[in-house]
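**Student:** The feature signal peptide is assigned by TrEMBL to 1-19. Summarising the annotation, TrEMBL assigns domain 'Lipid-binding serum glycoprotein N-terminal' to 27-252. As annotated by TrEMBL, disulfide bond applies to C152-C194. Residues or ranges marked as domain 'Lipid-binding serum glycoprotein C-terminal' by TrEMBL: 267-471.
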Amino acid sequence: MQQVCLLTVVSLFVTSAQCKTPGLQTRITDRALEYATEVALDILSKQVTGQQIPDQHGQSGDVKFDITGMNVKQFTKPSSRVSLIQNVGLSWSTSGTGLAIHGDFKYKYRKGIIKISDHGSFDLKANSINFQIKIEIGMDGTGRPTMKAVGCSCNVGSADIKFHGGAAWIYNLFSGQLENTLKDMVGGGNGLLCKQLNTLIDVNGMKSLQKLPVTVQIAKRFLLDYRFLSKPSFQTKFMETYHKGEVYWNAVPVDAPFTAPPLLKSSDTSRMMYIWLSDYVFNTMSYNALKYNQLQYNVTNKDLPSGVLNTTCPQSTCIGKIIKAIGTKFPNTTVMLYMKSTSMPNMTVQNGSTVVNASGDIVFFAQQPGGKYTYFLTLSATMSTTISLMIQNEKVFAKVLKLPISVTVKDSKIPVSPEGLNFIVKGIVSVFVEPKLNELGAAGFPLPVINSVHFTNTQLTVAKDTLLIATDLKYSG
């Protein structure tokens with residue numbers, strides 16, 4: 001029974017899932033996408049600033065020139081807009097980007113017998129740079145999310161170059177060609193900015209996605225599967241992802257013989273992100289825990305304080321004094337309680353509360369000399385546990401609010417009173433089971449988000465079959 005309770009709370013911390021109806025569903029709104037592009041522009045600025053540009057060599061009329069040592073000194077963030085494209089992903093466009101480039105030059109001018117060569121430095125300012133890129137978001141054959149940049153285009157509106165050193169009149173002979181060359185290097189589908197954007201999405205973005213494991217091991221025995229069931233869907237104001245969300249027995253990952261219930265419907269887009277968690281997550285874990293004999297536990301004196309399970313004691317708080325028939329038949333020994341679930345614990349989420357109903361047997365044994373145990377009693381127990389949940393630091397935390405348990409005698413070799421049995425069982429629950437549950441609940445379980453993304457302004461709604469987390473996001477990478 002204790003392990004039934006422990007698994008109850010463990011499973012409440014599992015945060016992704018789905019069968020054909022999703023066990024985990026997420027909604028990422030346009031507010032989150034706009035915020036993500038601002039973060040991406042900050043990253044792009046860092047990547048572009050200081051970027052080395054390949055040397056250029058050219059000729060304009062009678063002037064041969066070499067441009068070397070070029071690097072980007074400044075990146076001016078543009079205004080940005082992101083829109084969603086049905087069945088594809090996102091379209092990201094910007095306007096008003098600015099770049100400042102510094103480099104060195106040398107030239108040779110030759111016309112007839114006149115030969116002039118010199119060198120110096122230059123500063124180029126490129127303004128009114130606009131770029132647009134599409135981002136395909138999908139899934140691979142294993143159910144993992146994918147991200148790919150396609151169709152990048154970039155246009156440089158104007159470029160102004162200033163030379164330092166050398167003869168000023170010669171600049172006019174090749175400055176125009178040099179400006180066009182540098183504009184082509186910065187703009188275009190294969191220019192500096194598009195190359196950096198492709199890297200930002202195809203490399204940096206995919207690395208972030210790869211940090212989201214699609215399976216998570218739980219307690220070394222269970223496997224939480226939150227692979228994509230299908231490609232994300234895209235609406236005008238948001239994109240949604242749908243995840244399997246089933247908990248398997250790690251050694252034998254076979255689907256449970258039931259499906260996820262429908263999740264709560266919501267049209268809200270006022271927050272950046274929404275996460276729907278189905279009680280299917282818990283119930284598939286519970287199913288496999290029962291099937292593979294994980295919902296059983298031996299309670300002995302080491303689990304309880306002050307020798308509660310002693311059959312003989314000077315005080316009146318041990319089991320042998322409370323139930324005198326036990327002390328009379330088995331004096332000077334201890335009792336072991338074997339707790340096991342007889343049916344699958346079931347979690348119900350509705351009407352603002354989370355309740356787990358469980359039933360099982362509590363089997364009593366008296367320890368005999370030589371380490372043998374003698375059976376003498378079996379109780380049937382039912383429990384309806386009410387749990388409160390909270391979200392903090394991207395984790396779900398739980399606390400037991402109510403843990404009522406009732407018992408009846410199923411089989412007995414000794415005369416016992418229901419009052420005495422209830423006293424013993426409720427004492428075990430209050431001094432051992434409930435503290436263990438709350439200790440586990442206080443440890444928390446992380447939600448499936450990247451480490452650098454944090455929740456802010458978070459709200460938890462408990463509705464029918466669904467835990468709905470609505471939150472804004474903050475990036476700290």
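Including glycine, each Cβ sits where the backbone N, Cα and C put it.
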**Student:** Counting across all protein chains shown, how many other Cβ atoms sit within 10 Å of the Cβ of C194 (disulfide bond)?
**Tutor:** 21
**Student:** Taking the domain 'Lipid-binding serum glycoprotein N-terminal' (27-252) alone, what is its mean pLDDT?
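**Tutor:** Computed over the domain 'Lipid-binding serum glycoprotein N-terminal' (27-252), the mean pLDDT is 86 on the 0 to 100 scale.
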**Student:** Just to be sure I understand the packing, how many Cβ atoms besides its own are within 10 Å of the Cβ of C152 (disulfide bond)?
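**Tutor:** Other Cβ atoms within 10 Å of C152 (disulfide bond): 21.
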